[in-house]
Amino acid sequence: MEDPPPPPPPPPEPEPAAASPRRDAEPSPPLQPPPRRRLLRLRCAVQHYEWGRRGDASLVARLAARDPDPSRPYAELWMGTHPSGPSTLLDGGELLGDWLARNPDALGPAVAARWGGDLPFLFKVLSVAKALSIQAHPDKKLAEVLHALRPSTYKDDNHKPEMAIAITEFRALCGFATIEELKDILRTVPEVEGLVGHEDAGKLMTMKEYDGGSEVKSTLQSAFAKLMTASKDMVSEAISKLISRLNIESKIRTLTDKEQLVLSLERQYQEDVGVLAALFFNYVKLSPGEALYIGANEPHAYLSGECIECMATSDNVVRAGLTPKYRDVQTLCSMLTYRQAFPEILRGVPVQPHVRRYTPPFDEFEVDSCLVPPGKLVVISPVPSPSIFLVMTGEGELQADSLSDGEKAKEGDVFFVPAYTEVKLSASGPESMKLYRAGVNSRSFN
């Protein structure tokens, strides 16, 4: 019969066989990190949508570190696993999604179990020169239906809640304006009142701010649907009259922000019903560092500026205006919540020195903004989910766990960081290093 393992302190040369039962009995992670906990450099996809900024005027082009074509739009930088723009490992060119399939522990057990072994968020940078389409993203149930019916248009069966953090001044339309603001539109813009129709316009004019309930929603839905489905000739005539009137009135008074927006949108999208629909929505202006989040079935359109964006891994968009792409007006008008409220503006919450966190009410993602001053060390504690780091400005080093060799980092570098990995950030040179980290919402692990 074998002797039992000796009590502490251990002998100078313990037998290897004695170590195995101890590891099985103690579930805590090993002292030395496994090889997978190195940082993975990513090569990320660029989307050249027509609304993007062109050449090196685009932040996306500058971050992508390629020689930009000055005549080509560089609209979005995608960091993640979505098949419409998947990231690859810089070393070897393997798809990040394929690498995760071979290394599921990098996701962490909770993320791997809940989201099917894939990254649940898609991280982006947007450079917006002109307005994106008036659109909404379906909830999970509707996304499954749309994908089954039209998979070529609706690319996946997932929902797409999202958040945009302004890098420059950023403008957007988001959600329906209040009853009082809509009344003002109907009073002062006869071109819209004519398309909505006297019956629905009259009902909206008699409603009070505190009425709420299904009647307001149904009347607003009816009025908005009539506007969006008006004939092309009627829309063209209404826009022509409105633009002509505003150009005349601008000579004798200062136009409102929304009136100026209408003139701007008409120059970008002539005879498009979205020019008129913009009057129905909240007009949001974000300063750098402010953020906006958008839930399922909420109408919105980004107008101008540059931002960090994070969302659930999806590319489902239902469009209805301000676009040459496919429009699904009936679906959009039927899916919207018709909730009337100005969107919440997030400014980030300090979670440690030099780090602010933006936490939307969605499980799939959160974003940290990290500003690392010269000579300082910022330690990002291990979290139970994977992260993607983007170096926005400056240069420095990222070091994973206790590995002695760090990774040199400069503007535009993107790193995948496995779950349960400590990351040390340090800047080099005279300037601070600015990074953004996307990860799974930490509240989903509570």
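Keep in mind that glycine also has a Cβ here, set from the backbone N, Cα and C atoms.
As annotated by TrEMBL, active site applies to Arg319. The Zn(2+) binding site annotation in TrEMBL covers Gln135, His137, Glu162, His300. The annotation compositional bias 'Pro residues' is assigned in TrEMBL to 1-15. As annotated by TrEMBL, domain 'Phosphomannose isomerase type I catalytic' applies to 39-176. If you look up TrEMBL, you'll see 195-280 marked as domain 'Phosphomannose isomerase type I helical insertion'. Feature annotation from TrEMBL assigns domain 'Phosphomannose isomerase type I C-terminal' to 358-402. Residues or ranges marked as region 'Disordered' in TrEMBL: 1-37.
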Report summary line: Looking only at the binding-site residues Gln135, Glu162, His300, Arg319 (active site) has its closest CA neighbour at Gln135
Query raised in the report: In sequence order, which same-chain residues at least six apart have a C-beta under 8 angstroms from His300 (Zn(2+) binding site)?
Result: Ile134, Gln135, Ala136, Ala172, Leu173, Cys174, Gly175, Phe281, Ile294
Query raised in the report: In the same chain, which residues outside the set Gln135, His137, Glu162, His300 have their CB within 8 A of the centroid of the CB atoms that define the Zn(2+) site?
Result: Ala136, Lys160, Ile294, Glu298, Pro299, Val317
Report summary line: For the recorded positions His137, Arg319, the largest set of other C-beta atoms within 10 Å encircles the C-beta of His137
**Report entry** Those residues of the chain, 6+ apart, with a Cβ under 8 Å from that of Glu162 (Zn(2+) binding site)
**Finding:** His137, Tyr293, Ile294, Glu309, Cys310, Met311, Ala312
Query - Tertiary contacts of the domain 'Phosphomannose isomerase type I C-terminal' (358-402), as residues 6+ beyond its ends and Cβ separation under 8 Å - result: 32-33, 37-39, 42, 63, 79-80, 106-111, 115, 119-121, 123, 125, 161, 163, 165, 167, 289, 291, 293, 295, 308, 310-313, 346, 348-349, 351-352, 408-445
Query raised in the report: With every protein chain in view, how many other Cβ atoms are within 10 Å of the Cβ of Gln135 (Zn(2+) binding site)?
Result: 24
Report summary line: Rounded mean pLDDT within the domain 'Phosphomannose isomerase type I C-terminal' (358-402) lands at 94
Query - DSSP helix/strand/coil residue counts for the domain 'Phosphomannose isomerase type I catalytic' (39-176) - result: 35 helix, 42 strand, 61 coil
